[in-house]
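A short worksheet on the structure shown next.
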């Protein structure tokens with residue numbers, strides 16, 4: 001190897017240690033700043049302020065109707081931040097309902113609404129939801145009886161069952177004419193789940209963010225289903241299509257007559273009269289015969305099973321013949337075939353178009369230009385059914401100040417993100433782990449990391465050479481003697497390359513290289529190296545003295561000869 005494994009290992013290990021110390025992350029509970037209506041991080045370790053529902057679902061079987069799913073406050077299973085707790089849904093195949101009052105009701109006036117929380121499916125998700133409901137402020141709101149039918153203003157969050165995945169953003173809009181509420185759904189976005197945020201502005205715009213990235217946006221007036229405002233006109237339900245209304249664009253030509261020579265009875269195919277029976281056709285041989293080797297089963301009962309017959313096999317006599325049995329002419333398309341005659345189609349002179357009922361003013365029409373002004377809400381609740389347990393919720397935050405929400409996210413989710421990054425192995429650690437499994441990677445590390453560093457060091461730190469006298473004698477077919485006195489300056493135009501020689505001596509290789517005239521345009525430094533012990537003697541301060549130097553003007557030719565000689 002070019003550099004001992006233990007040296008690289010020590011360097012990388014030192015880097016890993018330093019890197020881990022720099023990225024050490026300590027948990028600190030987020031503190032709300034700015035205007036907010038709820039800020040819950042669960043770091044006290046209790047459910048103080050949260051109310052478990054004691055209600056039952058009206059439309060469910062008795063054994064599953066009760067909201068008896070378990071909740072707990074605990075750390076995530078693989079938490080990278082000791083001390084960071086959250087609300088955990090603990091049961092599967094149960095109804096769960098828990099809620100908390102806001103510090104004060106939220107009213108939709110001029111300020112935006114920001115809802116933010118974190119969710120983590122620690123055990124994956126097969127079928128279940130992790131959405132929140134903002135419970136509408138009503139005189140009879142009782143969190144102890146929180147159920148699926150409890151009125152809400154906004155529902156927001158993930159819901160998945162099988163392949164059907166949704167990230168809900170739903171608001172309940174009040175019809176100003178009837179007073180009835182109708183759910184309005186935003187389009188379905190594509191996003192993974194982690195930190196969720198919805199922003200609703202007083203100009204009716206909205207955004208849905210996942211991990212601080214917008215995954216869905218639009219306008220409450222134009223991007224919800226069904227639309228907030230009904231159409232101004234509707235089809236008259238009492239209008240009916242007249243019996244004589246003609247919707248046929250084409251009709252058969254009533255004046256067309258079938259030609260006299262039209263033969264409707266002619267067959268589509270006829271025998272080919274030009275066909276001739278092939279020579280050697282065996283008319284008297286059947287195509288299939290009974291298997292002569294077949295034997296009637298011993299348990300064959302002719303009274304029950306009928307008369308036994310040997311199974312049919314292809315007639316061996318037909319194998320070399322063009323065919324066996326009665327020969328028939330092949331069928332071909334009938335050139336005189338016309339089929340059943342039909343009159344040609346023409347434009348319908350009485351065509352009136354596709355009938356549609358007339359439009360009338362919509363008696364239920366209204367125009368609400370400010371759907372942002374939703375019903376006030378005063379509590380946040382989780383009402384969920386899940387086939388998956390251990391769903392982790394954390395850091396609920398509701399505010400009318402986006403900057404406050406961003407600070408809360410930075411102090412909570414941002415800290416988690418930093419801790420997870422610190423827990424991940426750095427580049428150096430990954431290199432060490434990979435090399436332990438695949439030792440050949442050390443060669444790659446040396447070639448890509450160590451060797452360039454040595455080249456840079458020698459190029460930058462090597463000054464003038466000492467006065468040397470070299471006498472090389474090499475006997476093959478002739479003898480060369482070369483004397484070089486003085487120093488060889490490493491100028492900018494000098495090409496510098498370092499090679500490790502396989503032998504412990506560079507003399508024979510230097511002699512071979514002396515077959516080229518010496519000059520100053522190429523400088524090849526031959527590093528005699530037979531093992532780690534010898535390399536240790538080459539100190540940084542004395543590296544110049546440990547190298548044999550030879551300069552050649554025809555650098556490219558020397559390089560090619562050097563490589564071809566298999567010295568590397």
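Keep in mind that glycine also has a Cβ here, set from the backbone N, Cα and C atoms.
Per DSSP, the secondary structure of the compositional bias 'Basic and acidic residues' (238-260) breaks down as 0 helix, 3 strand, 20 coil. Annotation comment: TrEMBL describes 238-260 as compositional bias 'Basic and acidic residues'.
In the structure as shown, the Cβ atom of residue 127 (disulfide bond) sits within 10 Å of 15 other Cβ atoms. Look at TrEMBL and you will find 127-161 tagged as disulfide bond.
The region 'Disordered' annotation in TrEMBL covers 221-284.
Residues or ranges marked as signal peptide by TrEMBL: 1-18.
Here TrEMBL flags 440-461 as transmembrane segment.
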With Cβ-Cβ distances below 8 Å as the criterion, list the same-chain residues six or more beyond the ends of the compositional bias 'Basic and acidic residues' (238-260) that contact it, or say none.
341-348, 350-355, 357-358
Would you mind listing, in sequence order, the residues at least six apart from residue 161 (disulfide bond) in the same chain with a Cβ closer than 8 Å to its Cβ?
126, 127, 128
